[in-house]
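Student: First, the structure itself, so that you have it in front of you.
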Amino acid sequence: MRDFAAELDARKSAGLYRSRRLISGPQQPALTADDQSVLAFCSNDYLGLASHPSVSGALLAAVPEVGVGGGSSHLICGHHDAHHRLELALAGLTRRSSALFFSTGYMANLGVISALAGRGDTIFSDRLNHASIIDGCLLSRARVRRYPHNDMSALADMLAGTSGHKLVVTDGVFSMDGDLAPLREMARLCREHDALLVVDDAHGIGVLGEHGGGTLEQLGLSEQEVPVLIGTLGKAIGTSGAFAAGPALLMDYLVQKARTYIYTTAMPPAVAMATCAALEVIRDEPERRNHLRHLVERFRTEASALGYRLMPSHTPIQPIMVGDNWAALTLSRELEARGLLVTAIRPPTVPEGEARLRVTFSAAHTDADLDRLIAGLADCRCHYPG
Ligand code: PMP
């Protein structure tokens, strides 16, 4: 039998062991973690909707009406009109013809990629794509070619040298770097080389674009240019689940073929109803996105002035680059000792030698919260290499 204990010990001595904190109470910047009060800068609740009263209220109001459980899969008898209404609202938000609701983003990527590409096809995937995209590629049994991060000339060469069906897949906003994929250029390359473009905008939906339609709205990219969009609902939207959006024909194809859609219990309809309420907040309160942008730009100016190395990102994902695993852990622990929760991200989530603190912002953070983070970073500067 494999020596699992030795493998865990090896992880510990390499500074790669992952531990969980026990959170109590609602998801919000002021968190109780392992019985300690902390101010968190590491959640993906970018708009502060996870505990917004309209969203929680919609969930509470939905339960007496539709109950708790999803009952069965969508294709048996679980496809509720609440799911249908949410799909219509998501298609509206993203300006696509139709949308299909999945239970998680991980499952959406697995299901969509493995349905749209198969044996004999080729998938082109950015080296920094999310783990669920990588796993979706593996599950498809297609040939997978990974191109260097956002390197369009490498992608163009690979596409030109490949025959057969081609699918190109990328994060819209990269989850650990916070930068954007060059989607206009990717759409052009895909048109030239007759490849299907799939964009996972898990971190852009709700945050980017004038109406919160995400990276594609910000860049003005239509359904013709980006036929398959994937978004998640557990981050800026504040609830849970995910969706694919695009032409009705492709969504119908996914209903027939995406195994993670077909063979799983439908998400509780009450969650779909709470999600519809969250989409209304996104529509009605654009000031949340504006405040978020303000926090991000303030942080960039003040953290750079302290000598912290940031990435070229203008999204709420603002990693502080450290490098060494232990150094990243030390900086994170020192901040935590000052009541600031910012998790260290280490390989394999990021490449070897690129450990970092993944600072994220939420519209629920105040300027005073940011003052505290900056003061903590100033205080911990001596623990930052370089
Ligand atoms: N795609 C990306 C880019 C992500 O960052 C994540 C979550 N971290 C997912 C997909 C998975 O979404 P979910 O959490 O809904 O499974």
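Every residue, even glycine, has its Cβ placed from backbone N, Cα and C.
Note that the coordinates shown come from a computational prediction; the quantities given were computed from them, not determined experimentally.
So TrEMBL says this about it:
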BINDING   Arg18, His130, Thr349  substrate binding site
BINDING   Gly105, Tyr106, Ser175, His203, Thr232  pyridoxal 5'-phosphate binding site
DOMAIN    38-375  domain 'Aminotransferase class I/classII large'
MOD_RES   Lys235  N6-(pyridoxal phosphate)lysine
Student: Quick one: pull the CA-CA distance for Arg18 (substrate binding site) versus His203 (pyridoxal 5'-phosphate binding site), whole Å only.
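Tutor: It is 23 Å, counting Cα to Cα.
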Student: Suppose we screen the recorded positions Arg18, Lys235, Thr349 by Cβ distance to ligand 1 with a cut-off under 6 Å; which survive, in sequence order?
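Tutor: Cβ < 6 Å from ligand 1: none of the recorded positions.
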Student: To the nearest Å, how far is the Cα of Tyr106 (pyridoxal 5'-phosphate binding site) from the Cα of His130 (substrate binding site)?
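Tutor: The separation of the Cα atoms works out to 9 Å.
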Student: Nearest of the recorded positions to Ser175 (pyridoxal 5'-phosphate binding site) by CA-CA distance, picking from His130, Lys235, Thr349?
Tutor: His130
Student: So which of the binding-site residues is most packed in, judged by how many other Cβ atoms lie within 10 Å of its Cβ, out of Ser175, Thr232?
Tutor: Thr232
Student: How far is it from His130 (substrate binding site) to His203 (pyridoxal 5'-phosphate binding site), counting Cα to Cα, in Å?
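Tutor: For His130 (substrate binding site) versus His203 (pyridoxal 5'-phosphate binding site), the Cα atoms are 11 Å apart.
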Student: Cβ distance under 8 Å to Thr349 (substrate binding site), same chain, sequence separation 6 or more: which residues?
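Tutor: In sequence order, the residues whose Cβ lies under 8 Å from that of Thr349 (substrate binding site) (at least 6 apart) are Ala131, Met176.
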Student: So how many other Cβ atoms are close to Lys235 (N6-(pyridoxal phosphate)lysine), meaning within 10 Å of its Cβ?
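Tutor: I count 26 other Cβ atoms within 10 Å of it.
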Student: What other residues of the same chain, not counting Gly105, Tyr106, Ser175, His203, Thr232, have a CB atom within 8 A of the CB centroid of the pyridoxal 5'-phosphate site?
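Tutor: Other same-chain residues near the pyridoxal 5'-phosphate site: Asn44, Asn109, His130, Ser132, Asp200, Ala202, Gly234, Lys235, Ala242.
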Student: Ranked by the number of other Cβ atoms within 10 Å of their own Cβ, which of the binding-site residues Arg18, His130, His203 ranks first?
Tutor: His203
